[in-house]
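Asker: As listed in TrEMBL for this protein:
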| type | residues | note |
| --- | --- | --- |
| ACT_SITE | A:Tyr108 | active site |
| ACT_SITE | A:Asp149 | active site, proton donor/acceptor |
| ACT_SITE | A:His250 | active site, proton acceptor |
| BINDING | A:Asn7, A:Glu34, A:Asp149, A:Asn151, A:Asp249, A:His250 | Mg(2+) binding site |
| SITE | A:Asn151 | site 'Transition state stabilizer' |
| SITE | A:Asp220 | site 'Important for catalytic activity' |
| SITE | A:His250 | site 'Interaction with DNA substrate' |
Amino acid sequence: MKIATFNINGIRARHQALTDWLDEADLDVVVLQEIKTVDETFPRDIIEDRGYNLETFGQKGFNGVAILSKLPLEDVRRGLPGDDEDLQSRWIEATVVGKTAVRVCGLYLPNGNPAPGPKYDYKLAWMERLAARAADLLAAEEPALMAGDYNVIPQPEDAARPDAWVKDALYLPETREAFRRILNLGYTEAFRAKTRAPGHYSFWDYQAGAWDRNDGIRIDHVLLSPQAADLMTDIHIESEVRGREKPSDHVPVVVELDA
DNA sequence: ATGGCTAAGTCGCTTAGA
């Protein structure tokens, strides 16, 4: 089962980039972030015409997540539990049944800048709620994964210029601690299970020629429950996508499970 | 401390992103 996460940065502005990639990548499941539209104006046809089932959790203008799957999507849930007042669309999950059933969660973790401030408080509170959901998923003792734009640079080797990020919400010690707390519940960070090498990024800013200078950061992650980690056969970052026409500022991360 | 770019809504600027 090939599962990808991709922050698309506006689904309506990214028809070509998304469909070109979908047509060549041969995926079973995709979680998308920053669709930046309500469900009513999501371009369902470009997805469904390619044989995907589709579940969206949109929002006007910002945020918004979706799950695409060639297999049926079962028991779909929208919204991260733990705060009924939270109106931002940043979490969707569903079960995909291949050889094995896999609980697939797609997430768009808050950016949190500027820090300190209310946006950073929201980020940390959201990460607390994520930890609670993550613990519940582990308790099920089944293959589960949480994939998406975490807006967390876990380690210095995950940035081309770590010094430039020391006061940023993506890299503050408290952010990285909260991310580690989730990992330490018992999750495997899929990409780091494959390699400790520096220089692998998933985001390059549109500004200042960041792509041309390879001034990137790795903030799109896949976390695996132990039962899912046992099934992982490969993972890679599709950085080449960033160099195409009218790209997202993020690139897809693709994990393969024997499931 | 920055804000060189991009998307979307409020539609000629502002907000948000990271």
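Keep in mind that glycine also has a Cβ here, set from the backbone N, Cα and C atoms.
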Asker: Cα of A:Asp220 (site 'Important for catalytic activity') to Cα of A:Asp149 (active site, proton donor/acceptor): how many Å, rounded?
Answerer: 4
Asker: Applying the rule Cβ within 8 Å of the centroid of the Cβ atoms of A:Asn7, A:Glu34, A:Asp149, A:Asn151, A:Asp249, A:His250, what extra residues of the same chain belong around the Mg(2+) site?
Answerer: A:Asn9, A:Gln33, A:Tyr108, A:Phe203, A:Ile219, A:Asp220, A:Ser248
Asker: Name the one residue among A:Asn7, A:Glu34, A:Asp149 whose Cα is closest in three-dimensional space to that of the residue listed as 'active site, proton acceptor'; these are the recorded positions.
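Answerer: Of the recorded positions A:Asn7, A:Glu34, A:Asp149, A:Asn7 has its Cα closest to that of the residue listed as 'active site, proton acceptor'.
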Asker: Can you give me the Cα-Cα distance between A:Asp149 (active site, proton donor/acceptor) and A:Glu34 (Mg(2+) binding site) in Å, rounded to a whole number?
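Answerer: It is 9 Å, counting Cα to Cα.
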Asker: State the three-class DSSP label for A:His250 (active site, proton acceptor), counting H, G and I as helix, E and B as strand, and everything else as coil.
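Answerer: Once the DSSP labels are grouped into three classes, A:His250 (active site, proton acceptor) ends up as strand.
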Asker: When you tally the Cβ atoms that lie within 10 Å of each candidate's Cβ, which of the binding-site residues (A:Asn7, A:Asn151) has the highest tally?
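Answerer: Per the Cβ count, the most surrounded site is A:Asn151.
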Asker: Reported as an integer number of Å, what is the Cα distance between A:Asp249 (Mg(2+) binding site) and A:Tyr108 (active site)?
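Answerer: So the Cα of A:Tyr108 (active site) lies 15 Å away from that of A:Asp249 (Mg(2+) binding site).
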Asker: Starting from the Cβ of A:Asp249 (Mg(2+) binding site), draw a 10 Å sphere and report how many other Cβ atoms land inside it.
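Answerer: I count 17 other Cβ atoms within 10 Å of it.
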Asker: Between A:Asn151 (Mg(2+) binding site) and the residue listed as 'active site', how far is it from one CA atom to the other, in Å?
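Answerer: For A:Asn151 (Mg(2+) binding site) versus the residue listed as 'active site', the Cα atoms are 8 Å apart.
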